[in-house]
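Asks: The structure that follows is given in the form of C-alpha cells.
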Amino acid sequence: MDIMHAAVLGILQGLTEILPISSSAHLILVPWLLGWPESGLTFDVGLHVGTLIALCVYFRRDIAYLISDAITGLREGFGSQTSRLPFFIIAGTVPAAIAGKTLEKPIEEFFRGSHTLIALLLIAFGLLLALADTTGPKRWRMDRVDLRGALLIGLAQCLALIPGVSRSGITITAALFLGFTRDTAARFSFLLSLPIVAGAGILKMGELARHGIPAGELAPLLAGMATSAVSGYLGVALLLRLVQRYSLYPFVWYRLLAGGAVLAYLFAR
C-alpha cells in the first residue's frame, strides 16, 4: 500500500468510525469499488491508534473527570451518580468485548465479500436511526444514565461487529429509544467506545509486535494513523454540533444514498 492510499483510507476510517455511517462497511466497499488491495494488520493498527488518539484528545476533560469520579467512588462510596458513571461505562463495554473476542473474525470472514448484504444493512440501520431520531422522547441527560441503560446500549454495541451497522449509529439509536437527548446519546456513545477502541488497538498491537512491521509499511502506517486521528477529531466535532443544533437525518440520508448507490452498481454490472 502506498502513502496516498493509506492517507485516503485513514481519512475514511477517522470519519466513518466516528459518524454513524459504519467504518467497516466503508473500509470493505471503497477499496473493492476502487480495486485497491485489502489493508493488512500493520495498517489496521495505525487506523485504530489514530482513532483512539482523536477520541482521547477530544474527550480529554471527560476522561479526566471520569477517572477522578471513579477514584472518589472507590474511596468514599458510590452515593452520587457521577461516581457511578465510570463503572456504568465499564459495564456497558463488557458485552461488546466478549462478542468481539469470540465473533469478530467469523463475522469479518462472512461479510468480506457480501457487498449486497452490507448495502442493505446500511439502508436498514439508517431507517432505524431515523425512527429513533423521530420517535425517541429525548428527555434524559447524562445524569440519568444507569446500569440498565448502560447494559442495553452496550448490548446494542455488539451489533456493530456487522459491517453496515455502525458502532456509533447503533449505540446512539439505542440511547435515543431509551429517552436520552441527541447530545447525550452521542456523547455517551463516544465514551462507551473508548475502552473498545483502546482494547482493539492493544490486541492488534500485540499481534503486530509478534509479527513485526514488514519492510516498506512504516510510512503508510504513519500516514494512516495521522489522517485517521485528524479526521476522527473533526468527525467528533461535526457530529456533536449537528446533534446539538439539528438532527441525525443528514447521516440517515447519506446511508440511504450510499446503500442505494452500491445496490445500483451491483445490479448494473
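Keep in mind that glycine also has a Cβ here, set from the backbone N, Cα and C atoms.
Quick paste from Swiss-Prot:
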TRANSMEM  1-21  transmembrane segment
TRANSMEM  40-59  transmembrane segment
TRANSMEM  87-107  transmembrane segment
TRANSMEM  117-137  transmembrane segment
TRANSMEM  147-166  transmembrane segment
TRANSMEM  188-208  transmembrane segment
TRANSMEM  220-240  transmembrane segment
TRANSMEM  248-268  transmembrane segment
Asks: For the transmembrane segment (40-59), which partner among 87-107, 147-166, 188-208, 248-268 gives the most CB pairs under 8 Å?
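Replies: Stretch with the highest Cβ contact count: 188-208.
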Asks: Give the nonlocal contacts of the transmembrane segment (220-240) in its own chain as ranges (CB under 8 Å, at least six residues past its ends).
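Replies: For the transmembrane segment (220-240), the sequence-distant neighbours (Cβ-Cβ under 8 Å, at least 6 residues beyond its ends) are 1-3, 5-15, 17-20, 42-43, 45-47, 49-51, 53-55, 57-59, 168, 183, 186-187, 190, 213.
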Asks: Would the transmembrane segment (117-137) and the transmembrane segment (248-268) count as touching if the test is at least 3 Cβ pairs under 8 Å, pairs 6 or more apart?
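Replies: They do touch: at least three Cβ pairs between the two stretches lie under 8 Å.
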Asks: Using a cut-off of under 8 Å between C-beta atoms, tell me which stretch among 1-21, 87-107, 188-208 contacts the transmembrane segment (248-268) the most.
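Replies: It is 1-21 that shares the most Cβ pairs under 8 Å with the transmembrane segment (248-268).
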Asks: Hey, which bits of the same chain come close to the transmembrane segment (87-107), Cβ under 8 Å, at least six residues off its ends?
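Replies: Sequence-distant neighbours of the transmembrane segment (87-107): 66, 70, 73, 78, 145-147, 149-151, 153-155, 157-158, 160-162, 191-192, 194-196, 199-200.
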Asks: With a Cβ cut-off under 8 Å, give me the same-chain residues at least six positions beyond the ends of the transmembrane segment (1-21) that come close to it.
Replies: 27, 30-31, 36-37, 39-40, 43, 46-47, 50-51, 54, 122, 129, 166-169, 172-173, 190, 197, 217, 219-221, 223-236, 238-239, 248, 251, 254-255, 258
